[in-house]
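J.: Annotation comment: TrEMBL describes 1-117 as domain 'Ribose-phosphate pyrophosphokinase N-terminal'. For ASP34, ASN35, GLU36, ARG93, GLN94, the entry in TrEMBL reads ATP binding site. Per TrEMBL, the feature Mg(2+) binding site maps to HIS127, ASP167. Annotation source TrEMBL lists active site at LYS193. Per TrEMBL, D-ribose 5-phosphate binding site is recorded for ARG195, ASP219, ASP223, THR224, ALA225, GLY226, THR227.
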Amino acid sequence: MKILAGNSNRPLAEAIAAYLKMPLVSADVRRFSDNEIFVEIHENVRGEDVFVIQSTSYPANDHVMELLITIDALKRASARRITAVIPYFGYARQDRKPGPRTPITAKLVANLITVAGADRVLTMDLHAGQIQGFFDIPTDNLFAMPVLVKDVKQNFDINDLVVVSPDVGGVVRARAHAKRIGDDGLPLAIIDKRRERANVSEVMHIIGEVEGKACILVDDIVDTAGTLCNAADALMKAGATSVSAYVAHGVLSGKALERIENSAIESVVVTDSIKATEAIRACNKIRYISMAPLIGEAMKRISEESSVSVLFH
């Protein structure tokens with residue numbers, strides 16, 4: 001078993017390697033003067049079970065190409081098996097045709113990874129579970145939920161807690177967290193966004209009791225943070241005592257940091273599936289939890305041909 005890191009999230013790759021007590025493969029992933037990507041692997045990988053760690057986060061196109069070229073380099077170096085470890089799978093939100101003459105880019109990226117020569121994919125909290133079916137190779141989708149739930153239990157009084165889905169589409173995820181946090185399950189609330197009529201701003205209806213309760217918003221991605229911050233403001237107006245958020249992937253683009261700083265949210269807990277910028281690290285409301293032990297254990301189990309699903313049961 002060997003581990004190779006791309007440039008998208010080297011700190012996570014190093015943490016995974018430390019968990020597994022293994023060095024990272026010596027390799028260069030660099031650019032020529034015209035910005036073409038070049039990959040050179042400096043040690044023998046012939047006959048090896050190689051794991052390439054690369055989130056396809058911003059800049060998504062560069063990181064996708066890095067991953068594809070690295071897989072091709074390993075294939076041509078006669079690696080026995082290549083597993084693409086993609087903690088954050090970019091383009092996952094383009095998993096369907098939103099209108100006529102539009103692409104399904106998540107499927108295209110899955111095809112590219114397969115054609116490049118990957119034998120297996122290991123990812124985490126796909127935006128839509130059915131994306132697993134976009135790959136024609138075995139694909140394991142890990143869940144940050146057990147790690148996030150453990151943190152909730154350590155930092156909150158669960159007797160005074162409500163789990164909230166920020167939109168109708170996230171109800172299944174929020175319900176799963178609610179069941180995990182409390183022995184008998186926690187109360188669940190849902191925020192239903194409605195536009196009553198044309199040219200009238202969206203109204204947020206809260207389904208469930210939140211008055212006098214600490215609220216935990218649960219989502220898979222926080223990008224510009226508009227949905228999360230608006231949900232937090234609505235919950236506080238409805239009488240919630242506090243609002244925090246637990247999110248698998250912290251994309252945090254655009255004015256996300258400014259919105260979070262100025263919102264009613266007390267804290268946003270995200271995983272390290274995407275490398276944090278200095279500005280994000282400086283934000284007092286954002287806290288990171290490492291997925292290195294979970295991903296590292298899954299990689300170990302894949303290499304040993306043992307069960308990955310036991311990590312979640």
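Cβ atoms are placed via backbone N, Cα and C, with glycine included.
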J.: Counting only residues 6+ away in sequence within the same chain, which have a CB under 8 Å from the CB of THR227 (D-ribose 5-phosphate binding site)?
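T.: Within the chain, THR227 (D-ribose 5-phosphate binding site) has Cβ neighbours under 8 Å at PRO166, ASP167, ASP219.
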J.: Looking at the recorded positions listed here (HIS127, LYS193, THR224, ALA225, GLY226), whose Cα lies nearest to that of ASN35 (ATP binding site)?
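T.: Comparing Cα positions, the closest of these recorded positions turns out to be THR224.
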J.: What does the structure give for the C-alpha distance between ARG93 (ATP binding site) and HIS127 (Mg(2+) binding site)? Integer Å is fine.
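T.: Here the two Cα atoms lie 6 Å apart.
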J.: Including all protein chains shown, what's the count of other C-beta atoms within 10 A of the C-beta of ALA225 (D-ribose 5-phosphate binding site)?
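T.: I get 26 for this one.
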J.: Just to be sure I understand the packing, how many Cβ atoms besides its own are within 10 Å of the Cβ of GLN94 (ATP binding site)?
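T.: Taking all protein chains shown, GLN94 (ATP binding site) has 18 Cβ neighbours within 10 Å.
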J.: Going by Cα-Cα distance, which of the recorded positions (LYS193, ALA225, GLY226) sits nearest to GLU36 (ATP binding site)?
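T.: The smallest Cα gap between GLU36 (ATP binding site) and any of the recorded positions is with ALA225.
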J.: Give me the CA-CA distance between HIS127 (Mg(2+) binding site) and ALA225 (D-ribose 5-phosphate binding site), in Å, as a whole number.
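T.: Per the Cα atoms, HIS127 (Mg(2+) binding site) and ALA225 (D-ribose 5-phosphate binding site) stand 16 Å apart.
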J.: Counting other CB atoms within 10 A of each CB, which of the binding-site residues GLU36, ASP167, ASP219 comes out lowest?
T.: GLU36
J.: With DSSP helix as H/G/I and strand as E/B, how many residues of the domain 'Ribose-phosphate pyrophosphokinase N-terminal' (1-117) fall in helix, strand and coil?
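T.: Here the numbers are 40 helix, 26 strand, 51 coil.
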J.: What is the total of other Cβ atoms whose distance to the Cβ of GLY226 (D-ribose 5-phosphate binding site) is within 10 Å?
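T.: The Cβ of GLY226 (D-ribose 5-phosphate binding site) has 14 Cβ neighbours within 10 Å.
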